[in-house]
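Feature annotation from TrEMBL assigns substrate binding site to ARG11, HIS12, GLY13, LEU14, THR15, LEU16, GLU17, ASN18, ARG61.
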Amino acid sequence: MARRVAVTLLRHGLTLENQQKKYIGYSDPLLCEEGRNELREIQGKAIYLPSDLILSSDRKRCMETAEILFPDQRIIASPALREIHFGEWENKTYEELCHDRHYREWIDDPFGTCPPGGEHFHEFKKRLLSSWEEEIWPLAEQSGHVTVVTHGGPVRFYLSVFAPEPKEKWEWGVSHGRGYTLVWNENKGRWNALCTLLQEAPSTVKQNG
């Protein structure tokens, strides 16, 4: 019988800095109370694909999200799953940066321009692919399914690489506390590069009564 492997990618819950539309990459804010309440509501209604463990970015907003959504699960923290580092632009808004020439160059070419003191997209990409090869995929193969709690940037990047529907990274919409499950079916002893099934997560909601 052909094996099946699944990876669920979830974005962390809402923070005050998200509400203020600040750039938060390596910054480490907690969830805001609205974000916590939204996650508790999701956790009370949603049914997730069973997972033996949760792999999470080590940032507080992700760890807190994992603890709320999966209170009885083992959680492993991984620095490799952090958001891109915005350097000197951390905790600043578009309005604060829009007159900066370097920032405007980055907006026009985010893949070729690096935030001052921050992380180039190619470094971000290399870090995430290494995490996939060394952490995510081995755990998924071992257990059949692994849940990853991370940030909007990493979720969108993985979707742009592995989703069966070709889209650019920025075209994927990922709400706070939600994400996607990617499923691979073994094909003659091999795994295809692209997943064979993509579903929104959580995909099932508990019914009242």
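Just so it is clear, glycine is given a Cβ too, placed from its N, Cα and C backbone atoms.
Values in this document were obtained by computation on a predicted structure and should not be read as measured data.
Distribution of TrEMBL features across the structure.
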| residue | record | Cβ contacts under 8 Å, 6 or more apart |
| --- | --- | --- |
| ARG11 | substrate binding site | THR150, HIS151, GLY152, VAL155, VAL174, SER175, HIS176, GLY177, ARG178, GLY179 |
| GLY13 | substrate binding site | LEU31, GLY35, ARG36, GLU38, LEU39, ARG61, GLU64, THR65, ILE68, HIS176, GLY177 |
| THR15 | substrate binding site | ILE24, PRO29, LEU30, LEU31, CYS32, GLY35, ARG61 |
| GLU17 | substrate binding site | ILE24, SER27, PRO29, ASN91 |
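In the three-state DSSP scheme, ARG11 (substrate binding site) is classed as strand.
Around the Cβ of ARG61 (substrate binding site), 28 further Cβ atoms fall within 10 Å across all displayed protein chains.
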